[in-house]
Amino acid sequence: MGMRMMFTVFLLVVLATTVVSFTSDRTSDGRNAAFNAFDLIALTARQNCCNVPGCWAKYKHLCGRKR
C-alpha cells in the first residue's frame, strides 16, 4: 500500500471510531453537551430560515406555521 492509501485508511478508522464513540456516548448520557449545542444551532438555523421567504418556501415542513 502506498503512503496516501495508508493515510486514507487511517482517517477512515479515526472517523468510524469517532462516530461510534459519539453515538454510544449520546445514548448513554442524555445530557451530552455537544449534542445539545447541535440542537440549539439547528433550532436557530430553522428559525432564521422560516423568516426568509425563499428558505421558507423550500422547507415549509420545518417551520410548522402558515405564512
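Cβ coordinates come from backbone N, Cα and C, glycine included.
Look at CYS49 (disulfide bond): DSSP puts it in a helix. Look at Swiss-Prot and you will find CYS49-CYS55 (among others) tagged as disulfide bond, backed by similarity to another entry.
The disulfide bond annotation in Swiss-Prot covers CYS50-CYS63 (among others).
Feature annotation from Swiss-Prot assigns pyrrolidone carboxylic acid to GLN47; the stated evidence is similarity to another entry.
In three-state terms derived from DSSP, CYS63 (disulfide bond) belongs to a helical segment. Per Swiss-Prot, cysteine amide is recorded for CYS63, and the stated evidence type is similarity to another entry.
Annotation comment: Swiss-Prot describes 1-21 as signal peptide, evidence class sequence analysis.
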Including all protein chains shown, what's the count of other C-beta atoms within 10 A of the C-beta of CYS55 (disulfide bond)?
16
Using Cα coordinates, what distance in whole Å links CYS63 (disulfide bond) and CYS49 (disulfide bond)?
8
Please report, as numbers and ranges, the same-chain residues at least 6 past the borders of the signal peptide (1-21) whose CB is under 8 Å from any CB of it.
none
